[in-house]
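A.B. asks: Dropping a structure here in structure tokens format, bear with me for questions.
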Amino acid sequence: MVVSPGEFVNYLLPLVPAGICVVASLYTCFCTTHGFHRVPLLDHEFLDFMPGIDRLELEEQLANEARWTCAVCAFKNLDTTLECNLCGTGQPKAGGQEPLTTPQRLARRRRRWTRDIDDDNRRVVWTDVGANSIMDRSWVLEVVSSASFGLAGSDSDLECCIRIALTPSSTSAKGPPPAATSVWPDVASMPLKLQWSPSQQRDANCTMLGKALSVPVWEGLVAISRLMFSSKYAWFLQQVADMRLPVAELRLEVKSCRMTLLADATATLLDLQGPTRCAIARHQFDGEVAIDAGAVQREWYTLVAQAWMDPATTGLFDITNRTNNSYYVNPKQQHNDNSKSHLEQYRAFGRFLGRALLDGQVLPIQLNPVLFQLLLGIPVEFEDLECLDPVVFKSLTYVLECQDVAELCLTFCATNEYVDGHVEEVDLIDGGRHICVDKTNRVQYVETMTKYLICGRIQDPLMAMVKGLYDIVPPELLVIFDHKELELILCGLAVVDVQDWKRNTVTSPNLTQTRLVDWFWDVVGAMETHDQAKLLQFTTGSSRVPVQGFKGLTSYDGRICYFTLNGVAYAAGKYPVVHACFNRLDLPLYPTKDLLQDALSTLLLSDPTGFNTV
């Protein structure tokens, strides 16, 4: 049968839609399989296509990237990083090493204490791998309980806490720990308390909640703890992903009023129960229209963190180290207000830290590293007091070294001055105010004073924070990190690396044929550090860079969402427009660099918070 061209076309027309569907399906499968799938950032926009991966997948992609090892703290940094993300030391150079700064010395101490398996006795122990101390004494802060939860040590105990799955590279020769579910108890109901113990006399087989784990479980956790940070962080992200239900099954809606933000946040955090403790959240401020694709959540964390550190707002924290302006639990608040409501605020703050870990948010606050040590249950010693309060550390060092300590007229007591003007003397030992310090007992004096300053005077608030943190995050997930690594995850990178920002920025096609992008980075690079941070907050909702750098900017659900420069038509007097929810800056096509600089300077004069406009 002969078919005319017209009839042939008419025959094929009904098949065209089906053919298009088949081709589209094959293309989608191919792209997804080969990692080419892209998710549009905004509906109905041709620009800003994101990679469609999350933080875990990003970390897996970076696993084989070249890295350099910091000569000071041994942290492994990507080759593109000019300074160590952990201590700020530059890449190794030829020539002699300069004397270490105080932050570098403190960062070097981060791996002093490690957990090890004593194969002879089949127990978990703390190992001191550092240099000699001024005092050959260290203590570990333990949580003890009369409840059975804190005393058991069988493999089945792990089933109420977390599933531990080792990657092939970290599996010990004796195999991975037993699998478990991702259900863990509400810590608030547990009768827990803190106690100091000499680290040399204690097994290290308990988590920070006083829960004993079996040696096979610890073998897996110890193996993971010895991996480089990137691998540990990837393992942590995998555990978090396994804990959280899909947003379609469970979602937490957080609505806040800016005028009562901290009170609203505290109530929300304390109300979290069961699976909602780790549910994916979307945030909204009353009276503001914004799609929480990331920036609203980031701003919520930023503002709540700042409010908690504000002495005029809560007084819960105070700056103890003026050299780095780091915050510690405020002991001056404890005289009149050790009430349940006061301690609940500290528990809410602990939950806030836990939620930040789950959500991958970085907090623009400088918590003292000693606080991270205590939260992780890492042994502390006299030298750690230098990080907490350098002035007091210097004074106590003098007590240890002076020729005639009796001339100092010291006794075994401490004096506390509270915010209400009350002054109190506290005996460090029984009858301490009547016992003079001399050469025979000065080591004991420094030891008891150190323990009191670090923990003794803040024991109840610290216990509340511990409960709050581990209400949200099972402690097994955090034992793999040292305190500086935990600080890096929670607080991110304080210094903006403009080159890293530039490398991980998407630009619209209409900017590629102009000099505007080069001008933009020239202007940003010439800004003061605080202005760079403010611009970052304007465009992303946070003034801090995530632990993975600018490549780790995310949306509300943890999906990667790159910073984007989008060129728009220029008109006289037109300013850049920020879409912080999508990490995007609409940049008018300014004809001169001066006009661009003036526009960005004007932008920085306004308030970086709020979502009434885009």
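The backbone N, Cα and C atoms fix where each Cβ goes, and this holds for glycine too.
Below are the features listed in TrEMBL for this protein:
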- 64-93: domain 'RanBP2-type' (DOMAIN)
- 284-614: domain 'HECT' (DOMAIN)
- Cys581: active site, glycyl thioester intermediate (ACT_SITE)
A.B. asks: May I have the DSSP-based helix, strand and coil counts for the residues of the domain 'RanBP2-type' (64-93)?
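C.D. replies: When I sort the residues of the domain 'RanBP2-type' (64-93) into the three classes, I find 0 helix, 8 strand, 22 coil.
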A.B. asks: Please compute the mean pLDDT of the model over the domain 'HECT' (284-614).
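C.D. replies: When the pLDDT values over the domain 'HECT' (284-614) are averaged, the result is 90.
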A.B. asks: Within 10 Å of the Cβ of Cys581 (active site, glycyl thioester intermediate), how many other Cβ atoms can be counted across all chains shown?
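C.D. replies: There are 25 of them.
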A.B. asks: According to DSSP, which kind of secondary structure is the residue listed as 'active site, glycyl thioester intermediate' found in, if we only use helix, strand and coil?
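C.D. replies: The three-state answer is helix.
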